[in-house]
Amino acid sequence: MTIRLNKVTRDLNVGIATVVEFLQKKGYTVEANPNTKISEEQYAVLVKEFSTDKNLRLESERFIQERQNKERNKASVSIEGFEKQQEKPKSEDVIKTVVPEDARPKFKPVGKIDLDKFSGRRTDKVEKAPEKKVEPVVEQPVVEQPVAEKTVVEKPVVESEVKKEEPKVEKVEVIAPKPAPVEQPVVAPKPAVETKPVEVEKVVVEEVKKEEPKVVETAPVKAEERKVERTAEVTATVTTPTEENASKENEVFKIRQPELGAKINVIGQIDLAALNQSTRPKKKSKEEKRREREEKEKVRQDQKKLMKEAIIKEIRKEDSKQAKPGVKDNNADAARKKRNRINKEKVDVNNVATSNFAAPRPNTQTGKGGGNHPRPQGQGQGQGNNNNNNKKNNNKDRFKKPVIKQEVSEEDVAKQVKETLARLTTKGKNKTSKYRKEKREMASNRMQELEDQEMAESKVLKLTEFVTANELATMMDVSVNQVIATCMSIGMMVSINQRLDAETINLVAEEFGFKTEYVSAEVAQAIVEEEDAPEDLQPRAPIVTVMGHVDHGKTSLLDYIRKANVIAGEAGGITQHIGAYNVQLEDGRRITFLDTPGHEAFTAMRARGAKVTDIAIIIVAADDNVMPQTKEAINHAMAAGVPIVFAINKVDKPTANPDKIKEELAAMNYLVEEWGGKYQSQDISAKKGMGVEDLMEKVLLEAEMLDLKANPNRNATGSIIESSLDKGRGYVATVLVSNGTLKVGDIVLAGTSYGRVKAMFNERNQRVKEAGPAEPALILGLNGAPAAGDTFHVVESDQEAREITNKREQLAREQGLRTQKILTLDELGRRIALGNFQELNIIVKGDVDGSVEALSDSLIKLSTEQIQVNVIHKGVGAISESDVSLAAASDAIIVGFQVRPSGAAAKMAEQEGVDIRKYSVIYDAIEEVKAAMEGMLAPELKEQITATIEIREVFNITKVGLVAGAVVKTGKVKRSDKARLIRDGIVIFTGNINALKRFKDDVKEVGTNFECGISLVNCNDMKVGDMIETFEEIEVKQTL
């Protein structure tokens, strides 16, 4: 039989190195490995050498076990414990160190006990010398009560070790009611124990048996019970070493043998039957102990309460005495008392207010260390005189604390502080000090006013009318989404770059707790609006805006009405510009149509169209549903207070279902006239012209109801529909005249641009001399591209126009500075936390202002938490050299929408490495920028498990390390994979595969159910049964 070295070291309580060294000395070669196996012969040699270490370990374990049992079972021991103590030493293991320690203190004589008290019959035997030896044994437990606990602990231990003793224990427990059986359990162990003291014990117990029947009724004192029990315990513990004399340490125990014998004789002379065990108090349960604790706590609380009431009464008495001073105290004594009282108050206040300062307290001593350290009385340096009062006075001092708390109020503190300050400032009361004080007060007041003013101004927004939603959000330091949500809650659909009017700005700002102040008021007042006399007003043509979802047939309808093909000229077959057309019907009446884009990017254009229009035609395709842009167009029209006419298009298609559209409109609370509502609707086919004339009739009917009038004989005012930069003609603006007549040669002021009208064209590009109310026109001669949606006015002189535009430019610059987003510390922290934060700077150039606005709006919307899109510049016209240099300086890309770079700009871009992207369709521009943003995102690493391998055998190969012989359970393991070692479901190691072999050949991969040899880089902990999981890391492209 072989035994592992690990087990041997545990059994013999020695280290592996010690065992290996010893065996080598004896001529055995053994590896210093815990799993090394040794023969029985080697084991016998080790046992012979290290048996003492083994015994020591067993002893210590036994001692620890006894101590733990002692703590668990704290019960008193009667004779049963005494008997068990005798029998317990049967175990061969001798407690060498512990027994002498227990025995020594127990023989120290402390006092004497008169044993004659127990019974008269035993006096004959007890009168001899043994009495003296009993005294120390009996008295000692009284001093060291834990002895009783020790004996109790040994009771369960003996039960577990010696099974034969269990019946004896049961009989011994019945000692009090039936004492007769006590003799049997004591007699039984006698043959097993050879020592003489045990025989003496037997005699003693026999005597007890004889005496018991006569003295059962007597009830001696409890103290005597305890003494007798404890003597029994002591003798039991002392006899233990006598039974273990077979061990090597006989010498130690021989000295004590005669003493032990004498003590045993003495115990035999005590009448144990006279002790009534039933009088011993029972061990209290946890519940009883808890009740006792609660009762004590209750008593303590009651005492505390009574003490508190007494203190309060005392305080009140003192207060009443102070409040009613005697009549006799009008002399100097009364004054002195009063002064003392005030001083006392001051001291109390200071104690409360400055309790943390270095004022000396009673029983504290200040030293080099600084601070007050409480010291016990009489233990200061030198231990000098203690100037402490007697206990009575100390109690008084202790009771004064609540007095302070009750007397001191905030008013008293304030009064005290005031008096102190007044006392401090009275020094040197001359004119200069008064003057300085007044000056300081004035300065502090001024500072306070400035602070208040700044606080008030921080909540006031200084802005020009028509700031965009994005700029407003920046000024209020809130998210633009919140501003848009607020606008939607009041029934307005706005986009990020849509300019808001004054009324909307006021509402939104008030919602966020800001006040508005329009700094352009003086500029607005510079242009005086003329009131028209009713007799000057003449009927004008209605302005009708066609709105709806993309591809629902808006432009097709206008093409039919105008007998033109606009769609063919639009890139991608979708409208990307707002168009204004004046159409004359067969009966001679005129209608001005505005065609708006349906794509979601053109929200601002639709809003602008709804703002300047009189009537809105909402087109819905009969073979489709009411789409999001349709709903948005309806909301824009409703917000502008414009009458709506629904045109249900494409009714000629086989899949058309006009009733379904009417049902969806009814669900949105727009009930058509056919269904008993107030909104007119017409089924049409824009391609074939079905129902178009009826639609015109209904539109003109709405116009008649509105009674539209204007004064053509005055200076023109109106709106900028679109503006662009034409290569041959310069800046061109499409305008819609709302009042007056615009003529060639008029000085037009629009936003920050102005100029003399050099030429005018209608929508068919035919030159015209003038444009009346509700007529669109294309004007040339402006010095810049005005923003779409701006109003234009005709002014008298060029100088007036220049002054107003200069002021507006200044305001625009100020507004730009105010709305410029500064990188805050919070934003910087957010970017650092993200780790891979990116910024994409874009310069947008387009052919018309509306398209530039729509495109930049859509690009800003693409911003995410990880990538922020910044449109650092946007403008109308071709891509110039200045755009390229700006892009090179700010690492931006240039997006051109239906514009091309000039030759010089293209060459410069090539040199500087600036990326210029040119688009004709807004969809393409948005999609490509989105793809570029996704490319900026760092790819995600994902793990894909390729195989699981089970280790069947582990080989330790020199210079290679551990190699596992394994079987591929699932999948296919590749040489390039990474691997993790798993043991009992826990990952032990993760790393790369060092080698993958099959029959001594290196292989690239091993399939399922094939065996292979595998080793991992720097892995030296493999065991049979471990699992190896192989995986590969795949880069996954992130999406927005």
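Placed from the backbone N, Cα and C atoms, the Cβ positions cover glycine too.
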TODO: Write down the single range among 52-59, 404-411, 548-555, 1004-1011 that appears in Swiss-Prot as region 'G1'.
DONE: 548-555
TODO: Kindly point out the range from 100-137, 214-251, 784-821 that Swiss-Prot annotates with region 'Disordered'.
DONE: 214-251
Task: Residues flagged as region 'G3' in Swiss-Prot, choosing from 39-42, 595-598, 975-978 - done: 595-598
Task: Residue distribution over DSSP helix, strand and coil in the region 'Disordered' (427-451) - done: 21 helix, 0 strand, 4 coil
TODO: Tally every other Cβ atom lying within 10 Å of the Cβ atom of Gly548 (GTP binding site).
DONE: 27
TODO: Identify, among the binding-site residues Asp551, Lys554, Thr596, Val651, the residue whose Cβ has the fewest other Cβ atoms within 10 Å in this structure.
DONE: Asp551
